[in-house]
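Participant: Swiss-Prot feature annotations, pasted as is:
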- Tyr145: active site, proton donor/acceptor (ACT_SITE)
- Lys173: active site, schiff-base intermediate with substrate (ACT_SITE)
- Thr56, Val215: pyruvate binding site (BINDING)
- Thr55: site 'Part of a proton relay during catalysis' (SITE)
- Tyr118: site 'Part of a proton relay during catalysis' (SITE)
Amino acid sequence: MIPDNTKFTNPFFGRILTAMVTPFTENGNVDYELAIKLSNYLFENGSDGIVLCGTTGESPTLSWAEQHDLFIAVKGSLDSSCKVIVGTGSNCTSEAVEATKKAYDSGADGALVVVPYYNKPPQEGLYKHFSSIANSAKDLPLMLYNIPGRTGCNLLPDTVKKLMDFSNILSIKAASGRIEEVTELRAICGSELSVYSGDDSLLLPMLSVGAVGVVSVASHLVGLQLKEMIQSFQSGKVANALAIHEKLQPLFKALFMTTNPIPIKAALELSGWNVGKPRSPLSPLSNDMKKQLSFILTSL
């Protein structure tokens, strides 16, 4: 059954969702044991939910079988109150439909469905693509994922509004880098659509114009601080929220000094989590960048 998502104060997926890295062994295989340990650590340190197999999880280099096995391992280990959302997007509609069906059948709490990349469909094509996905698993809550910098295609608010006719489309990860995106979505779609910042550095500004939370990379490292920032903002302690926002800005910037998830994997390694190197064609963080990152981590 699709939950009531109309309460701005209580978004179904929660407020801090960690876009979790996919750990790899030295041989480059998925390290399921470490994924279990990391996901539980994240839940215990501020995360309301875990997003698997998204951009940060290196979904383009994971097979569908690996993605399924990763979900089964993580979901089976976590407390039931922690939402587990699986990336099921593809630029092939039939593949996205099948992946979303499988996520639902396997017990996922939700699916993250990215705007189709490379083939650059028009808005009508995007509407039909997401309609097919929504119809394929009508009881699975969906989060749309708009990240035009990676996909080359922008999902417009008017199209999102049309898609809200499907009761399982509850939210959107807004990762265009534009604060105005939240304002536009709220104006057209209202409060029934939960808007999540897709950028840690824009979380506080986006909260101020109606976002409900964040799909975060930095929460691997500072989940409790992000939680305090959101709670401070909600309770009217804006000065404290701003102080946390400003303190964490160097980290937010460092985690995107090169392509995500290269820096966060290096940061986790520096913090004692041997999550392995990114899969090719991504490459490890350079030594110079790693020194910069290490300095920032020690200053937190």
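Backbone N, Cα and C define each Cβ position, glycine as well.
It should be emphasised that the depicted structure is a prediction, and the values quoted were computed from it without experimental measurement.
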Participant: Between Lys173 (active site, schiff-base intermediate with substrate) and Tyr118 (site 'Part of a proton relay during catalysis'), how many Å separate their Cα atoms?
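Facilitator: Each residue's Cα considered, Lys173 (active site, schiff-base intermediate with substrate) and Tyr118 (site 'Part of a proton relay during catalysis') end up 19 Å apart.
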Participant: In whole Å, how far does the CA atom of Thr55 (site 'Part of a proton relay during catalysis') lie from that of Val215 (pyruvate binding site)?
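Facilitator: Computed Cα spacing between Thr55 (site 'Part of a proton relay during catalysis') and Val215 (pyruvate binding site) is 11 Å.
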Participant: To the nearest whole angstrom, state the Cα distance for the pair Thr56 (pyruvate binding site) and the residue listed as 'active site, proton donor/acceptor'.
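Facilitator: About 13 Å separates the two Cα atoms.
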Participant: Once the chains shown are all counted, how many other Cβ atoms turn up within 10 Å of the Cβ of Thr56 (pyruvate binding site)?
Facilitator: 23
Participant: Could you check the recorded positions Thr55, Tyr118, Tyr145, Lys173, Val215 and say which one's CB has the most other CB atoms within 10 Å?
Facilitator: Val215
Participant: According to DSSP, which kind of secondary structure is Thr55 (site 'Part of a proton relay during catalysis') found in, if we only use helix, strand and coil?
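Facilitator: Its secondary structure by DSSP: coil.
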